[in-house]
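Just below is one structure, and these are the notes that go with it.
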Amino acid sequence: STMRERKTTDPPHSSTDLSEGKEKLRLKQEVGLISGVSLIAGTMIGSGIFMSPEWVLHHMGNPASSLLIWAACGLLAMFGALSYAELGTIIKESGGEYIYILRIFGSFPAFLFAYTSVILVRPSGLAAVCLSFAEYAVAPFYPGCSSPQVVVKCTAAACILLLTIINCLNVRLATSVMNFFTAAKLLALLVIVVGGLVLLAKGQTQSFQNGFQGTSVGIGAVGVAFYQGLWSYDGWNNLNYVTEELKKPEVTLPRAVMIAIPLVTCLYLLVNMSYLAAMTPSELLSSGAVAVTWGDKVLGSWAWLISLSVALSTFGSSNGSFFSGGRVCYIAAREGHMPDILSMAHVRRLTPSPALMFTSVMSLIMVISGNFNSIVNFFSFIAWLFYGMTISGLLYLKIKKPELPRSYKVPIIIPIIVLMAAVYLVLAPIIDQPQIEILYIIAFIFSGIILYFPLVRFKCHPRFLQTVTLHLQLFLEVAPTTKDTN
């Protein structure tokens, strides 16, 4: 059978049972429609809308074409999420791309995804969000000039360490922080939207005159603009990571997608129009923190509210990313693709502290070595490489396995469009402006082969690894968590 079945040879207390038990502890309540919409929208609305507008405008060359890119990114996110909704009703397991690639293509490509995601993609995403938090947090202290990079990076590193402490201390504390900051981000965006509508009503439309003049038409420029826009929509697939916890996933998954993504797309378009109503394209391009510049121009002495709201928003987003970031780690450990230590929890606090600490260390490395723009581009390259693989798996199932039970079917043209977009987003920057860093990323992905065959395929585990795991368990006070733990 092409659909790979889960191995049933695990011993009674294997990482499979343990990680599943831990997931039950972390997600005690089922996720309904409202929670599903909140999960998608709350993850999507993060740092991107406050950081990416200047970069989209930079690569497209004018306001009108940049707004088209924002709308097209929303449409693409919608198509991708609808395609994932069908996958979620066929393969009703948590884990998102990892579990879909595992069940459709098998162990090796799934391991490459998990290896790349845990070591590179998720830490780089968290680093980018924390860097944007730092930009806004320190901007009020450097009025009229750019913030020193050393200060920004130190603030981002402090943010990561604070998130590590919060999430390692208590799961309930982490969720409470996430809920509070979600309200802050919605308030910040609504203030910007209302302010922009007032400016447009007063006739400040000069940025939209001759809107398409000087549009960039190079495939690479458009591709990188898409990367920056799609960064703000990242999270459209978040509900697929918790499929096992959804109430009636066959109904909730597609409905939540159809409500959340159009809502976010409309909000993003209104926010971008507000930015352009308040400042000229050249002012927007020269702003290191777009929303702060908007606040200075529109709110005057109350501009500090925007800096505060955006800093709270991006901190909340980074907390959400950090909180959910261990899921692929757990599922991969459940399938034997990750070290057992990453699937363990603190014996008293019942938090996945080893996985959180590992993510924290990798994120700190990303913060020190990169900047927001380059991190987003490389993050998006890898993400769309695996999105494309996942969507091709759906097309395979639709064509070759139409008999599989599925309660929701997306028209086949939609995953075809998403696959074409994924191929374009992966190849366009390489063809137009090849960068040596892309080669490094591809080499990194395939370096997983060195680990896969000895450690996963042939299960050659050196004894010292068991000793290291034991010592780490004692030092970190962690242990595997069984299903029946109270």
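Placed from the backbone N, Cα and C atoms, the Cβ positions cover glycine too.
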Range annotated as transmembrane segment in TrEMBL, from 126-144, 354-372: 354-372
Contact call for the transmembrane segment (409-431) and the transmembrane segment (67-87): at least 3 Cβ pairs under 8 Å, seq gap 6+: yes
Stretch-level contact, the transmembrane segment (354-372) and the transmembrane segment (150-174), CB cutoff 8 A, at least 3 pairs: yes
The transmembrane segment (253-271) and the transmembrane segment (67-87) contact flag, 3+ Cβ pairs under 8 angstroms: yes
Cβ-based contact of the transmembrane segment (437-456) with the transmembrane segment (99-120), 3 or more pairs under 8 Å: yes
